[in-house]
Amino acid sequence: MLIASQMEPTYARTVYPCFDEPAMKATFNIRIIHDPSYVALSNMPAIDVSEMKDENGSIWAITTFNTSLKMSTYITAFVICDFDYVTRTERGNEIRIWARKEAVENGYVDYALNITGPIFSFLEDLLNISYPLPKTDLVALPDFEAGAMENWGLMTFQESSLMYLPSDKFTGRKAVIAITTSHEIGHQACGKQFGWFGNLVTMNWWNDLWLKEGLASYFEYLGATFVEPKLSLDKVFHDHVIQAILREDNEIGVRSLSASEDKIKGSSFLISLFDNITYNKGASITWMLSNFLTEKLFIRALNSYLRTFSFSNANQDDLWTHIQVVVDAQDEVQLPASVKKIMDSWTCQNGFPVLTLNLSTGTISQEQFLNKKNENSTDTYNNTWIVPISWMRNGSSQPLLWLDKSSKMFPEMQVSESEYDWILLNVNLSGYYRVNYDQLNLKRLARVLENDPKAVPAVSRLQLIDDVFALTQFGYIQIESALELTKYLAREDEIFVWNIVLLNLVPEILESTLKNYEVYPLLKKYLLKRMLPIYHYYAGLIRQNIDALENDYFAQVYLEKLFATACWLGLQDCLDLSSELYAKWMNSPEYNIPSLIRRTICCYGVAMGSDKEWNFAWDMYNQTNSTKEDKDILLFALSCARESWLLYSSLFANLVMEGSLPHFYRCGEEFLHDVLKVMAKFVIIDVQIQELQVFYNMTLEENEREATTALLESAKFENTERRELLMKVADWLQKNIND
Ligand code: BES
Ligand code: ZN
């Protein structure tokens, strides 16, 4: 049994009477009366444990904690548990990591203990501030909804965010732990009288939540890459943070980062603020800020902000004021407008800009990046941003420029007649925007990639690809221009770039419908030719030296997608490898198929096999000691069978084992919706809609039927569009197949 609190954002009021708002800071004297066989933890160290007897004669322990520092209610906390801990002292701060006794005994929290001290010290040194509390507890909770919570001096974690199994060879999990721990430590405001963001300097009100979560989400990557230097900061930040949010922050309905105070009312609404806008956009804007200010000035300004507002509250304008003071006191970095004016354009407006280039004249213009195919999208929106433009000409970096109105001419950006004169913007994605190059420059970039891909930094290669496909999808450019940039891919050796390529070129929706189309054989030829080098590199390691992948973080996350695509495109070596490893497993069940590609290997092991392979998967599925993950992989593998009678067996197995009835109309509403969507994937002509409608009328309840008409209509529209796009892709591939 265990009790652990979670107060943020507004649950402190359900535990003790209080003014439960972030700006109402107080000191807290906490005393907990509990079963004596348990230990009680809170923000501060215990100063006394005594006993008392109640009227029934039962003995209780009373743990009294030291008076807390002045703090907000949402980071007060307590845990009552029978856990064990490991401990280490770093610069006078006693760090204890608590977890279930067996977990501690087996060394599951040793990794967390090893990195927590160094992350504290790293942030102390970076921000020039020291931690004031005499102790910090980190507790791994077996059942916790959030990933982790930054209670001051008593951080709580989901077990999976804090535990690392020493037997796990692959370090992907270490990255998750390093990132999460570093995020929560980032919140641990500190200093004899100063502090970091969150606990010591807190936002005035929840409208500025991003000040703590965005900043913590930025610093978590600095801390994590400090303790795990094999993780590349640029790549991981780009992959986890910027990519993810650019994909999401592109509709009119998406909120802006900061809203005015009076718009954020009502406690049930607050929880929805803990979203990707707060975390990822907040961190991306911080990344951009630190880039154009230089890290030196950014940290200097943060330090002054933290010192001024420690034990109190601030809003985003206070941060801008402190940065302004630092900027005004030097002359290396010149800004085109006040810090507030620049930053308001990013935090108070929704969305982000796309820059459109005309490099014959050197003109750059901006508009909000929105889907041009939606009729009512753009006209009423004339947001403009003050955009820092980092850029590169022919491979060398150029001085930062600013676009501070809707359109501006930059004579220094004009390109010459020479096809070797090219320009790259937003180098390393130091700004939160996309770039729409003109045809001329795009051609030249495609040529550079083919001749000398490393002339363009890896993160920019990824961004170039992602931008052109996003621009295609939103109607800015034709698909043919985007495809030009894929010609170089045989020379692309970074799997994290390949991941974005595959995401754009072979999205899941395409995978499940593509085989019917003309484009599959063409794509197979065009793409496989380019995938071979990176495929063989990794297949070689899988066969001979898998340990070499231990520290290759992106291989651990993305290898499966690469292999799944190679096999799906019918690459013989991939199919052979699957049969080979699957057979090895069948011959000696104690052999483990490399976990990084187990799903793909099992799927194609079954697909390439016959009933023998299918039955083996079925038996393994039914073994009592198979885990949830095993079961998930095996159930998927069963459905990969190619013989129709095996597929029928799979269908039966899926329905029975997943507990759903063979009549899908009896299943839950959510699942039903998924099923309907899958069926709608193939609808292109009205006759098909009518057929499905007849089927639904027979099988669905009346209330369930209503939504299906709209679903089918919109699916028809999407499918028709996709088909048109695919025909263009097919035409282009046909023309370029032999390149
Ligand atoms: N303060 C949050 C935890 C939280 C989230 C409280 C939502 C209330 C509502 C904490 O600092 C946090 O951001 N945790 C993240 C993990 C982190 C690595 C991004 C989480 O739980 O997802
Ligand atoms: Zn946080």
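Cβ from N, Cα, C; glycine included.
The feature domain 'Aminopeptidase N-like N-terminal' is assigned by TrEMBL to 2-75.
Sequence annotations record features per position, and here TrEMBL assigns domain 'Peptidase M1 membrane alanine aminopeptidase' to 111-346.
Taking the Cβ of Glu213 (Zn(2+) binding site) as centre and 10 Å as the limit, one finds 25 other Cβ atoms among all the protein chains shown. Feature annotation from TrEMBL assigns Zn(2+) binding site to His183, His187, Glu213.
The active site, proton acceptor annotation in TrEMBL covers Glu184. Shown in sequence order, Leu138, Ala148, Met149, Glu150, Met155, Phe157, Ala216 are the residues of the chain, 6+ apart in sequence, with a C-beta less than 8 angstroms from the C-beta of Glu184 (active site, proton acceptor).
DSSP assigns Tyr279 (site 'Transition state stabilizer') to a helix in the three-state reduction. Shown in sequence order, Trp210, Glu213, Gly214, Ser217 are the residues of the chain, 6+ apart in sequence, with a C-beta less than 8 angstroms from the C-beta of Tyr279 (site 'Transition state stabilizer'). Here TrEMBL flags Tyr279 as site 'Transition state stabilizer'.
According to TrEMBL, the domain 'ERAP1-like C-terminal' annotation covers 422-649.
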Secondary structure composition of the domain 'Aminopeptidase N-like N-terminal' (2-75) [DSSP: H/G/I, E/B, coil]: 6 helix, 27 strand, 41 coil
Neighbouring C-beta atoms (10 Å sphere around the C-beta of His187 (Zn(2+) binding site)): 25
